[in-house]
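Novice: One structure, as structure tokens, below. Some questions next.
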Amino acid sequence: MHRVTIGMQVDIKRSNGRVHGAVITGVDKATQNVRVEWFEGGETKGKELEFATLLHYNQTLAVDNAAPAKAAPPPAIPAPSPHAHHKTYDSSKANFSSSVTRRADAVMSAAGDRVRDRQSIYDALKSPVDEVQAALPPVKVGNSSRVLKPISRPEALPNFEPDVDVTQILPPTAPTPVTSASSATNALFPSSRIPPPVVAVNSTMKSNCVNEVERLAARREERRQQQHAAKRLQEEHKAIDPGNPNWVYLSKIREYRATIDFRPLRLSDPVVDNRISVCVRKRPLSKTEIGRREVEVVTIPNKDHLVVHQLQSKVDLTKYLENQIFRFDYTFDENSNNEMIYRFTAQPLVKVIFDKGFATCFAYGQTGSGKTHTMGGNYTGKKQDYTKGIYYMTANDVFKMQQSPAYSSMHLSVVCSFFEIYGGKVFDLLNKRACLRILEDGNKSVRVVGLMEADVSTPDEVMQLIKKGNDHRTAGSTSANANSSRSHAIFQITLKNKKDEVHGKFSLIDLAGNERGADTTSADRQTRLEGADINKSLLALKECIRAMSMNKHHVPFRMSKLTLVLRDSFVNENARTCMIAMVSPGNSAVENTLNTLRYADRVKELGSDDCAKPMGDNEFRYDEDDENMDYSVDLNASQEDREYIRAAAKVSASKEAMSDALLAIYDRYKDLQKVIKQVEQDGVIDVDLERLALDSISLGNDFANCGLDLKNKGQQLLNAIKNENELNRRK
């Protein structure tokens, strides 16, 4: 490396295999690298080589720095054997060989440092070498005679292996025998002018270019393995539901649901007593949606939360799942039947009308979401079972309570009416769809003039009225439902005393399906007018609920016919309202589902007495502490006993977690005492103030983190205690 200097002319090998000269422009001894440049094609080019690579093509750099010895006189050629068949050197030819050698030395000396390209030196030596070749005597090898051929180019020296023992032509006083062609050549030419044989380069030493190529190859192989793994996972997801175009959507939702700790609503759960209750029901996928291979995008993790999944794309087109969480009083999954819906929605309101109150229960949602199925009854094909609807079940409980000892002495009678609001007009469904008028009497009570009220005494009579009214209800075809209800159907159960005065009223409303404007672009003019009138009445209904929840003196019930008919349900002090929001689970209806949930969430925010914020995703998922908790309970124990034992174990675990948080605070307090002691010693001894400040900052951060952790652990313990007390009270 010490022989390499800036400005030196060397040979390099290009990537295409061509060898040419270049000039050294930089030497880095620390990394054993050399920077070379050359002029080609009208521009200067350069590259960086390792010293071992440079040495491979420039063997003169490996020769020792010692001064070359003077060339020895040409050796005397021994006399040939009388029986030899080959010619030998004579003195004249030996003298000629010596002159050839001196000529080569002169040429090399004359070139010196002025000649940068050694190719010219090789060309200058070419002619004397040919003369030497002609002067060499034939050498006997076996039964043949061949002439020892010197090398015309130094580059060919490494590949030259003589066929004869060249020691025959060396003087007997040579220190070591000549065993290679390079030694024979050095005997003919000065050693300082001819490069030595090629030195074997260590195979483990690689250039930067080779290392970079290997690194790129390794990264390429790693990428291929990752792509292969991703493709294999993709095929596994496709195999779950072969041929489903929404398989990405389906796989991501299934991965999310696999981490959820599902705790659905049960019949044994307590009923919330709110003035305005908001519930959500998710229906199962229909046959049409299953045929279209749609994916359920609505998940109900527990009794009061609902999650809507939306498949979104990032800038790099990576798919991800966006989860929108809503919280209501109750959430019913697809496994809930109408009996469970009635248990938590309309049944608690039956007692209100016997206490001189006004109760309202209405089903809201997009068309085809299951409103008529919930209010009217289950469908079996085109036949509807009215005994499974909220209309019938409410009337049945009204008759039971009417005959109970607590209210039988009031001698209350039950009358029913069934009418619809379509296009801003009111039609009587029990009187051949007669058009009615809505007026106010002298007492500012809203009356539906001409409405037929039927006296009923049994649930079967109510079922006949429901069937008759549904047969006359207005229906139409929309983009979402071929048989969509296009009117608000109102079924009222009224209690009257002996004086024929209203004692209480229960209004059960099957609202028309709301629609987005974007879904009615292909509809006719009549359908668009119907949708506009429906949405207008729904907005008016929300404003009345807003005024009712805020106890305002003015309720804007005159904004639509629907709110005008329900005036008593908004202004009466003993009024209770329950809203059932119906949602479709398919991915094609996700926008309508979100609109329905936002409407219901707004009503919940306005009217609920306990408006709690929704939980986060992590709170739905399995907790490691819950999985590791000892739930060893007798398998024969009841469900309530098992829940109580789990709640008690949760309280114990939360107590231990809070104790650990308190111990962490105590440890920080010990560190605080040390810092206080250092502050007190300031002025007495030399205190490192910078170190003191850093310790104070670190201690303050630790106190803040420990305090927040203690707060969370305390809240968890409080919630566990409340849950345990609630279970204990129910027992």
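In case you wondered, yes, glycine gets a Cβ from its N, Cα and C as well.
Grabbed the feature section from TrEMBL, which reads as follows:
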| type | residues | note |
| --- | --- | --- |
| BINDING | G365, Q366, T367, G368, S369, G370, K371, T372 | ATP binding site |
| COMPBIAS | 71-81 | compositional bias 'Pro residues' |
| DOMAIN | 275-606 | domain 'Kinesin motor' |
| REGION | 68-97 | region 'Disordered' |
Novice: Counting across all protein chains shown, how many other Cβ atoms sit within 10 Å of the Cβ of G368 (ATP binding site)?
Specialist: 26
Novice: Mind telling me which of the binding-site residues G365, G370 has the densest Cβ neighbourhood, counting other Cβ atoms within 10 Å?
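Specialist: The largest 10 Å Cβ neighbour count belongs to G365.
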Novice: If you average per-residue pLDDT over the domain 'Kinesin motor' (275-606), what number do you get?
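Specialist: In the predicted model, the domain 'Kinesin motor' (275-606) has a mean pLDDT of 85.
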